[in-house]
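Enquirer: I grabbed these lines from Swiss-Prot:
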type	residues	note
MOD_RES	17	phosphoserine
MOTIF	36-41	motif 'Nuclear localization signal'
COMPBIAS	51-60	compositional bias 'Basic and acidic residues'
MOD_RES	78	phosphoserine
MOD_RES	90	phosphoserine
MOTIF	142-152	motif 'Nuclear export signal 1'
DOMAIN	143-215	domain 'PAS 1'
CROSSLNK	259	SUMO2 cross-link
MOTIF	361-369	motif 'Nuclear export signal 2'
DOMAIN	401-444	domain 'PAC'
REGION	508-588	region 'Interaction with CIART'
């Protein structure tokens, strides 16, 4: 046992000896020792370098400069980014002000919304929301030749294609011979500017400008500065609104040469006229279109400008514009007549006047508003115009007046002719106003007559009888002297009010009396007027109700009444001056509610029509109590 213990202790001591320890730790611990050594060395070196930099003033300065450069670079970058953001914001704001949809918004929009609305607006302008390509314009069942013949036949012209860069005629249809007398072979390949009038070349060049079409994008090499040839496949041609063209130009006509002698052109002016006749005016309508050079067969032009760009051409239809100049009759030039529009109330007062009236009448619109048109009519034309006034209130048709004289601001008269029509409120069924289109009639039209305006038959009655002798005086005609005030009737503004009250009374009676529903406004009933000796007739006539002549009353039926203050026998109620009293006298025995209502309507209308213009109305002799 002791020997075994000694062997074990010797073995352990051998194992724990330094040599054995090196043998065990050599394969495993060598790398770890080296790593620790490296770590210690690296950290030591860094610390030493830091201590050296701190101790060395030169190293400390370099370190400070390095940190300053980093800080300055960061600040410069932030300033650049800030300026870029400011520019972008300013452009976004400017774009928002140019787009109508953005400008109409009350709140400020974000950048994405502004850009989206700008894109939508550009698509709307260029027609890109619903693009029209070549295939959309041609039906599938028509070939190209058939479509070309149909277009030429419908347009009655010739089709031509012109290059926008040089004005070279690339194609022209055979129908050009009918208009310009040039064959197709004579024009193809020639310059369009050689056949234009010298004064029209600049205008045609402006129309050939392709700035509105798709931009010609080119890639430029930064080193050489030359354009780079790209293989970009062009998309389908789009007919945008900016590519449309329509213009007039003068082109040469190849008319057959005629031998002209010198005596035929005695002056330079005649030669200029002959040269002018060799041109004809052509109306060209078409659009600008872009083709790749390979499609046009222009690859032989190996110019650097043609690389990577499309060829813009004008495709148009040329039609002969005929000069239609009417020949003057009797050496006079017919011009459009001057006219103005006015709107009147039912009593003839101005409620609206067109601004063109100032150049014709010399009145400002505010000077005419609220005044009656009868104040400006000549006294000889009041009767005819009153009849037209009554007719336009009773019918829905347009009434054309005869030529009449209208007093302008300087006191003289101008000749007018008017078309009147009334506007009826669809809800109340009442006339609200009268629209009058007034046309100036020249002296030559008055002498020769104008078939477009039929003349109406003038009334045999004079409107002098419509006003009392105290206001307008007895009937007499004053000679009209241009430039001197006169010719109008004092107090004529009441005539329109009297006509309006007459028509309103007619409609009121028609609405209240069942027996008169089917009668005409101009002839309420066929009952003859009562005799002037009857009590009712005397009292009503003495009431002084204004009287207006009716256009439908024949002259033979007019009865003079000395007790009536006016010379005409027509009443404010129409042809029958006392329709209400006569109807009541015939039905005295019956007291139906309809008759009572009709009687009260007549009484109320007489009270309203009187309006303080005449004397008091005496109803003491009426056959029934009030």
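Keep in mind that glycine also has a Cβ here, set from the backbone N, Cα and C atoms.
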Enquirer: Under the DSSP assignment, what numbers of helix, strand and coil residues are found in the domain 'PAC' (401-444)?
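Expert: The composition, in the requested order, is 2 helix, 26 strand, 16 coil.
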Enquirer: Using the alpha carbons only, what distance in Å do you get between residue 78 (phosphoserine) and residue 90 (phosphoserine) once rounded?
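Expert: So the Cα of residue 90 (phosphoserine) lies 18 Å away from that of residue 78 (phosphoserine).
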Enquirer: Once the chains shown are all counted, how many other Cβ atoms turn up within 10 Å of the Cβ of residue 90 (phosphoserine)?
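Expert: Taking all protein chains shown, residue 90 (phosphoserine) has 10 Cβ neighbours within 10 Å.
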Enquirer: Let me check the 10 A CB neighbour count of residue 78 (phosphoserine). How many other CB atoms are there?
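Expert: Neighbour count, Cβ to Cβ under the 10 Å cut-off: 10.
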Enquirer: Across the region 'Interaction with CIART' (508-588), what does the pLDDT come to on average, as a whole number?
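Expert: Per the prediction, mean pLDDT sits at 42 for the region 'Interaction with CIART' (508-588).
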